[in-house]
Amino acid sequence: MPLIYHINIVNYAKGVLTDIGTEELAHMEIVASLVYKLIEGASVEAIKAADLGAHYADHDRALYWENAAGVPWVAAYVSATGDPVADLHENLAAEQKARAVYENLIQLSDDPLVNDVLRFLREREVVHYQRFGETLMHVQDYMAQKKIF
């Protein structure tokens, strides 16, 4: 998540990281809204048939940040080394992983409206990947310059 380490990086990158980090938080909201709308009004039998019985037992229909295997989202997923180059490479990898997950979800879904949302999110991950790549080049160029104080 770019929001936690933007203070340790050159000014140009701060804006990019803040913008992408803010959008990633919005992606979490979009996915949560999508899941909520999909199970809103579902009967307990339908929830059990969808293999969501354990989720329902703990959370009813409330949103709870977890992955497809039911593993809760934790802050440990967010890390920073303090090295802008390493952290940007981590973000590049995360964007590709997110893109792949959205593609897998699209293959699993037969709902055209759900797939529209997933395609939108996938495309945003591609854009984020491109912006991180541009930012990485900018940071590397900045770090290679001699600085005289």
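Even glycines carry a Cβ here, placed using N, Cα and C.
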According to TrEMBL, which candidate in E90, E95, E103 joins E24, H27, H128 at the Mn(2+) site: E95
H128 (Mn(2+) binding site): tally of other CB atoms within 10 A of its CB: 25
Nonlocal residues around D19 (Ca(2+) binding site), in sequence order (Cβ under 8 Å, 6 or more apart): none
Greatest C-beta neighbour count within 10 angstroms, which of the binding-site residues E24, E95: E95
